[in-house]
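Notes follow the structure.
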């Protein structure tokens, strides 16, 4: 994981008859990446686009069938299949098996959809009958027995129906405006979605009645009419109840038929439910044909290019050999290792596990590591949760986070499944930092007896003495200086990794003219400040004579190393040391700046001299041709035209070479100008970045101090004050508020803030010292990975 795995480039030639088998086995092998020979071509224009679409359509049909079965509660005994069981049967099918699956799925889907459509119609009819019954009962209850008389002799008219609850207010307003308020709308809620309405209005003529009728027909969930007599009402009600019972029986029978249809799709095949086996197989086939689309077709041959980890070459060759032996009737595929073209960038591949994958994801979010570049993730495993812990350090809060991470690791909660190890380490380092700070929910723990009143030789064994832990001034100074020390060693590690990169690439120019001056610049500036901090900690200095580190650093720059005021140690050696450090710091700036520019200038000059020599040779050769041409013209006039053509050709070559040399000279000048601009920006960025990046690490101090102060404020206001004033009721009220605020503000909001700041310190302050992040991810051709992605999406 320190560096990406070494990759090799292969060309694969295979006949059309063996292409499916070879690609099928490569997908199970999960070791290669197929290079797309024409990445700009649309999928629809590729030769196997129809196969990909067929697989997509069949997968959609299976998903729809599972969704309908889920809605009908028919999946109570359904369990997702085991991927390992599917891969165990990798050699049991041929490319024609897709046709059999398609035929079977289409047949069963057709039956399933027909029965499901019939079921929906039955349910709709049953709901209509149920609504009709409720309307009849409500109409008789509200309008009385006279409702069943002829409307021609009645003074009032009415309409009944079912309306959605969301449209009630709008319907009421429209009826009010159409009848000009001369109507009454009775509503009765049936459920959360629908209500019964009865519109009662006087005889207002045919025009007004038609308008109301159109409104009712538009909003009503069905057409309902009332019987004209009490006898018809009872008869209609009995008929509806009989029909309702019949439809209930039909619905039950149809659901049983659906269950039988779905059950046929859950027959165990190859250790998997049939529907799951079909789904996995279709995902596999879809991926296979997508990869076949990346190959170049030449007659009946497929030409492919692929990347494979060098350590897995033997497995790849063995796979191709086994296929060739199994298909003795067909010519097998041919592998040939080649040197990759210059325009192809080697992909980056790390072999990860469940623990390292989340840390690699943190790095990849910023940028994919360049091929064979040092991978920051191996360092991030420790430094990321450590910097988080420095900011979030608290024994109580860290312990809660540690227990939460332990719970996720033990029970594998789906919501935080990928983050479980990261949260565990963040909780551990927060707990550890809390022990160092001796901070437990704003309280200092006297675990080893304070040394405040002990002998001078007494040293508190671990962490900060509890008598000092509650002093804001001491904590402020300690955490600020600790942040500077962490900043120096973290950036020093980044620069050291850049040196290892230059050594690996054998880039001696950058090793000597980038790594060394950058290392010296950091040590002579921030490193010297860290030395002063540690020296001042280790040596007892009287407060009135203690030199200020900030004053010392400013004086060092402004007075060429001379000290104004108290010195760190006796003698004049500090002035000499600071003068030397300042001179080295100044020298490193042009040391970083000019060598790359001078090197490019000398290389271009040598290239230009070589081109001038070639030019003179071409001109001399052209003159010889011209002289020989004149002699041949005098002696052989019949060949005059041929010699003239040769002469023009040589002149054209000389002219082209001159233009080519002129273009190269222009390009070299442009390259030098670009290099000057680039090196200037890069040097200034590093010099200023050392200062600004160090200041960025002060966020470790700021967030840690803010966390402890917030914890202390909440604790003092909600718990300590009620205890001091003897207010048990306020204490009982305050404790839940303190617990909620601690969880919401400190455990959730502040932890997220610390996470983001730790992310920033790694992406910007640490990785910019050595990390390019412009690599290409190794996209392995793997059936297992694609099926896993499908299962994870289904679980979400």
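Positions of Cβ are set from backbone N, Cα and C atoms, glycine also.
Because the structure is a prediction, the values reported are computed rather than measured.
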Which listed span TrEMBL calls transmembrane segment, if the choices are 355-377, 447-469, 516-538, 539-561: 516-538
Stated TrEMBL location of transmembrane segment, expressed as one of 417-437, 606-626, 627-647: 417-437
Segment assigned the feature transmembrane segment in TrEMBL (from 279-305, 306-332, 576-602): 576-602
Annotated range (TrEMBL: transmembrane segment) out of 386-410, 661-685, 686-710: 386-410
From 206-228, 229-251, 252-274, 482-504, the residue range that TrEMBL assigns the feature transmembrane segment: 482-504
Selection from 386-410, 417-437, 576-602, the stretch that has most Cβ pairs under 8 A to the transmembrane segment (482-504): 386-410
Other parts of the chain folded back onto the transmembrane segment (576-602), taken as Cβ under 8 Å at six or more residues beyond its ends: 509-510, 512-514, 516-518, 520-521, 524-525, 528, 556-557, 560-563, 671-672, 675-676, 679-680, 682-683, 686-687
